[in-house]
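Sharing a structure with you now.
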Amino acid sequence: MASLQSSFTVLATTPKNPPTSAFRKPSRVRVSCNAGDSGGGRVDRRNMLLGLGGLYGASSLVSGRRAEADPLQPPDLSTCDAEGTTTTDRNTGKVIHIDADCCPPYNGTDPESFYVPPPVDTLRRRPAAHRMTPEYLADYKLAIQMMKDLDTTDPDDPRGFAQQANIHCAYCNGPYDQRGFPTLDIQIHNSWIFFPFHRWYLYFFERICGELIGKPDFALPYWNWDHPDGMYLPTPFAESYSPLYDCNRDQTHVGDALVDLSFAPGVSVDANLNQMQQEMIVQGDSAINFMGQEYSAGSPPPGAPRGGTSEQGSHGGIHVWCGNPKNTLRENMGNFYSAARDPIFYCHHSNVDRMWTIWNALHPTAEPILDLDFLDAAFLFYDEQKNLVKVRVRDCLDNTALGYEYEFSSISPWLNYIPPQREVPANVQQLAQTAQAAAQAFPATLTDTIRVVVAKPSKGKADEVLVIEGIVTDNSLLIGFDIYVNDDENTTDGPVIAERAGGFTQVPHRSRTSETPSDLTIKLKELYNNINIADDDDIVVVTLVPRFNGDAVTIGGIKIVPRVPTVPRFNGDAVTIGGIKIVPRVPTA
């Protein structure tokens, strides 16, 4: 393994600092505690699972132009609503203002051009958190402490830890309107912009760390929670005297407490490996499935079911696992408005970003998303020199172009994980006796377990998709439910089983307007093989089991449809067809 104490250099930007006197007052942060508050090598593509990426080549980004495009535009910072972070009392419907001003500092001047990453000589190498050397850990602690010190010495400095946390809050919890659509919030979760936004966010956070400690080659660590060796909170984050500590975590999840990536019953390494295999390979078989559904300017904030397999899976699982259940809104990690106040957020999202690079390596033939509403979506951040910068999605698709890679990590067992197999098919006719017909059961609120009989378009192990339709949730609450196919009634509370088709997790957040009902789709062919469904079965029994706040979830319906293979189709609205005819073939002379 390469040493973490490398002497790699990255060419730095040289913008001049803007004046800071025009910045507004510092933000208010009220959820607090006493303890701990004060505080690579050349490009190497040796191993697919290093995630060294670059699979979105620049040449692939110029095709598929549309006649019209409506990408999400950067917000108007002058209209940021300091009182915009709210939640809703479920019993009274009353809007409750959270005492957190998430608006970032702003001096009234917007950048005219898009940020261009500096040329890359050598790559910063992000290490696994559980293998940090003492020297590297000291640098990391110093960087975070210096950011926290700015909260006191210069609260208007956008590089301060609280101000960096505000960036995430403002983009996901209501303070920003969509530019040109004053009644619609910006929401950077639950869609295809989730990965690009957070990549840019960590990129500048990482560069700020390096600038403050005078080491431009500094790279953020990643929490290797997808590997059994890393399925625990990294020890340095649990030390109450460390700047990496946060009192607003679940304090029972330390030491040998195993992370729970899926919130399936019976937390185990196997359950976590199964979750990773499902979201990275089985269900995440296309860019849209893995990254999330489309989100354009003028669209309502996307609901949680529109998020990709990774965002809705391990990403959400870690947020919930870290959040403090004793806090009303599960601060810090358990709510999007406060998540970035916990230093573990950045370590967590470094691994989320690593999952994106690994997914690209695992799916080299997958069609990239070339829609301009994706490629030209844009955001505002502050760089390491305190400059406000404007960035686009298209400019962050290759992590190596941004100057970083991930250190080699031994291949996680999830890559070749084989879920439990059922040798004898279930007697579906017998199971159906304790289930309702799907058409009669929905719409329904998930106050209790629901078992329904669902017709299959084809018999046996066909290539089909389960569609859970019209999901509506209270987005201010933690939501979770599991989905099983042909399970015995007593198996949904046991360890990971073949019949578990998947799950749904929503991290609490806020939208001023209602999120549109959304559908959740789950591929079934692999599950049919795992449960050895009988060749003549033309029905299945689907079970929905609420885990968190089921009474805040409404399901519109359930159906099974044939799976339509992903076919590349780009910008059909820019193509006109004059006609179609068949003519005799004329041989070439």
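Please read every residue number as a count from 1 along the shown chain.
Positions of Cβ are set from backbone N, Cα and C atoms, glycine also.
Below, the features straight out of TrEMBL:
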type	residues	note
COMPBIAS	1-15	compositional bias 'Polar residues'
DOMAIN	189-206	domain 'Tyrosinase copper-binding'
DOMAIN	342-353	domain 'Tyrosinase copper-binding'
REGION	1-27	region 'Disordered'
REGION	294-316	region 'Disordered'
DSSP says what for the region 'Disordered' (294-316): how many helix, strand, coil residues?
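So the counts come to 11 helix, 1 strand, 11 coil.
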Residue counts in helix (H, G, I), strand (E, B) and coil for the domain 'Tyrosinase copper-binding' (189-206), per DSSP?
13 helix, 0 strand, 5 coil
Could you give the mean pLDDT over the domain 'Tyrosinase copper-binding' (189-206), rounded to a whole number?
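That region's mean pLDDT is 98.
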Within the same chain, where does the domain 'Tyrosinase copper-binding' (342-353) have neighbours whose Cβ lies under 8 angstroms from its own Cβ atoms, ignoring anything closer than 6 residues to its ends? I mean 6 or more beyond.
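Residues 126, 129, 144, 168, 195, 198-199, 201-202, 205, 220-226, 233-234, 237, 243-246, 248-249, 310, 314-315, 318-319, 322, 332-333, 399.
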Under the DSSP assignment, what numbers of helix, strand and coil residues are found in the domain 'Tyrosinase copper-binding' (342-353)?
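Counting residues per DSSP class in the domain 'Tyrosinase copper-binding' (342-353), I get 10 helix, 0 strand, 2 coil.
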List, by number or range, the same-chain residues at least 6 past the region 'Disordered' (294-316) whose CB is under 8 A from its CB atoms?
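Distant Cβ neighbours of the region 'Disordered' (294-316) are 70-73, 178-181, 184-187, 189-195, 225-226, 261-262, 272, 275-276, 278-280, 283-284, 288, 348, 352, 355-356, 359, 371, 373-374, 377, 468, 471-473, 475, 479, 503-507, 511, 513-520.
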